[in-house]
Amino acid sequence: MQIKSIRMLFGFCVLSVGVFLDLGVCTAVQSELRITTIKQEPYAVSKGSQLEGFCMDLLSEVAKKLGLKYKVHLVKDSAYGRQDESGNWNGMIGEVVRGEADLAIAPLTLTAAREKAVGMTKPFMQTGISILLRKDISEGMGLFDFLSPFTAKTWVGILIAYLGTAACIFLAARLSPCEWSQPQSEKNRFSLLHSLWYTAGALTLQGAGPHPKALSGRVICCSWWLFTIVLLACYFSNLSSTKTSESTHLTVKGFEDLANQDTIEYGCLGGSSTLAFFKNSNNPVYRRIFEHMEKTKSFVSSMDEGVWRAREGNFAFIGESVSLDLAVARHCELVRAHEVVGMRGYSIAASLGSPIIKNLSVAILQLSEEGELAYLRSKWWASSCIADKAKSSAVQPHSLKGMFLILSLGLGLGALLAVLELTSKSRRSAAEQRKSCCTVLTEELTLRLRTSNANKPQENVVIDKEKA
């Protein structure tokens with residue numbers, strides 16, 4: 001009976017220890033956790049004798065949740081962790097494997113090889129492989145790109161407005177007595193061709209003369225001038241915006257475009273997981289990219305060198321999208337391609353089988369759900385660059401409907417004034433010639449509209465005066 005009690009007590013103790021290990025309580029009572037990291041902006045950077053950065057803030061938040069005490073040191077060989085031919089690891093992974101550090105916190109890519117050597121937590125950041133280039137590596141404007149600020153329907157509407165205005169100026173000049181030189185020659189300066197020329201000159205702000213004398217013609221011209229001012233402002237504003245957006249319209253939009261061209265050199269960080277991705281891939285496009293980099297030896301020795309070569313131009317740096325986003329935030333002349341492949345995550349490394357891994361993963365998930373990881377990302381990846389204006393879409397006709405309406409009202413008012421001016425003169429002529437106003441008005445309309453040249457014949461008027 002006593003032996004049985006001892007066995008039960010022993011089993012209870014073993015179970016209690018197992019529960020404590022699962023909960024990570026044993027780690028909480030340790031004096032300090034030894035944590036290794038590496039200097040890389042913005043994950044860990046020196047500030048006096050201390051380190052600060054994304055990973056340091058993340059470590060602080062995790063420690064608060066788990067009640068951890070820790071001491072951070074920089075990895076001795078300034079390496080992340082690679083396995084040599086003999087199976088030994090260097091860098092931060094090597095320190096964790098050899099027991100020189102309890103945790104490694106840095107942008108450590110979660111890979112199968114590392115997962116076999118150490119324990120890895122849930123990723124605290126997702127990344128992938130993308131391309132970094134200068135913004136000015138762009139396509140030139142096409143032959144008819146100067147028409148891009150307006151849609152085809154808008155251009156048709158502008159053409160109709162132009163022809164309608166020219167026709168109204170011509171008719172107003174024909175109908176209005178003020179546009180005829182009195183009293184000998186009766187010359188009218190606004191032929192149909194001159195009306196078209198005058199309207200085109202006003203459209204380009206050239207002010208082709210002579211200008212209308214009659215109130216009706218001036219009303220038409222004023223409405224056309226107002227229309228053209230707004231039209232030109234919209235055109236040049238949209239053209240400038242389109243040209244600005246073209247500067248970031250890259251010829252290399254993805255890895256297939258990169259592999260199919262030979263004008264832009266490209267490369268990646270030598271010995272990196274990015275290089276291993278292309279080397280081990282069965283995708284023919286990725287294989288071509290690796291073979292090209294291997295042939296031209298276009299590898300860079302550091303992230304800074306890759307960013308520097310991209311800034312110099314005619315070089316596309318292939319790297320992890322998170323690091324490339326940081327380069328874009330720091331250097332406004334750079335842009336990252338939209339395509340991202342080979343998605344992977346950054347994780348915290350611990351010794352293989354360590355019970356703290358689960359608790360760290362839970363803490364990371366909690367920080368993600370609380371929005372803390374997103375906040376840290378926005379804090380350390382903040383950009384000082386002025387954002388490019390969004391590309392303006394081509395102006396639709398409804399966007400200018402107000403100006404088309406004003407022009408239409410101006411043309412209608414001008415035509416009405418021209419008719420009133422002619423009617424007023426016809427009434428005076430009817431009184432002088434002792435004819436009905438309608439008869440004189442009909443004769444005036446027929447005479448003015450049938451005249452093929454710019455001169456109005458005087459014969460009928462002279463005969464009428466002699467008869468009177």
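Here the Cβ of each residue, glycine as well, is placed from N, Cα and C on the backbone.
According to TrEMBL, the feature L-glutamate binding site maps to Pro107, Thr109, Arg114, Ser273, Thr274, Glu320. For Thr109 (L-glutamate binding site), the count of additional Cβ atoms within 10 Å of its Cβ stands at 22 [all protein chains shown].
Under DSSP, Cys385 (disulfide bond) is assigned to coil, being neither helix nor strand in the three-state scheme. Residue environment of Cys385 (disulfide bond) contains 12 other Cβ atoms, counted within 10 Å of its Cβ in all protein chains. The feature disulfide bond is assigned by TrEMBL to Cys332-Cys385.
Summarising the annotation, TrEMBL assigns domain 'Ionotropic glutamate receptor C-terminal' to 32-383. Note on the domain 'Ionotropic glutamate receptor C-terminal' (32-383): mean pLDDT across this stretch is 86.
The domain 'Ionotropic glutamate receptor L-glutamate and glycine-binding' annotation in TrEMBL covers 42-98.
Look at TrEMBL and you will find 1-28 tagged as signal peptide.
Annotation comment: TrEMBL describes Val252 as site 'Crucial to convey clamshell closure to channel opening'. A simple way to gauge crowding: the CB of Val252 (site 'Crucial to convey clamshell closure to channel opening') has 21 other CB atoms within 10 angstroms, across all the protein chains here.
Under a cutoff of 8 A between CB atoms, and with a sequence separation of 6+ in the same chain, the neighbours of Lys279 (site 'Interaction with the cone snail toxin Con-ikot-ikot') are Phe290. What TrEMBL lists as site 'Interaction with the cone snail toxin Con-ikot-ikot' is Lys279.
Annotated transmembrane segment per TrEMBL: 154-172 (among others), in sequence order.
Sequence annotations record features per position, and here TrEMBL assigns transmembrane segment to 192-209 (among others).
For 215-236 (among others), the entry in TrEMBL reads transmembrane segment.
TrEMBL lists 402-420 (among others) with the feature transmembrane segment.
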Helix-strand-coil residue split for the domain 'Ionotropic glutamate receptor L-glutamate and glycine-binding' (42-98), DSSP-based: 20 helix, 14 strand, 23 coil
Long-range environment of the transmembrane segment (215-236) - Cβ separation under 8 angstroms, sequence gap at least 6: 149-150, 158, 161, 165, 168-169, 172-173, 175-176, 178-179, 190, 199, 202-203, 205, 395, 399-400, 403-404, 406-407, 409-411, 413-418, 421
Val252 (site 'Crucial to convey clamshell closure to channel opening') versus Thr274 (L-glutamate binding site) - Cα distance in angstrom: 19
Length of the line joining the Cα atoms of Thr109 (L-glutamate binding site) and Cys385 (disulfide bond), in Å: 28
Annotated L-glutamate contacts Pro107, Thr109, Arg114, Ser273, Thr274, Glu320, maximal Cα-Cα distance (Å, integer): 18
Count of other CB atoms lying within 10 Å of the CB belonging to Glu320 (L-glutamate binding site): 24
Residues close to L-glutamate site centre defined by Pro107, Thr109, Arg114, Ser273, Thr274, Glu320, Cβ within 8 Å: Tyr80, Leu108, Thr111, Thr127, Ser272, Arg344, Tyr346
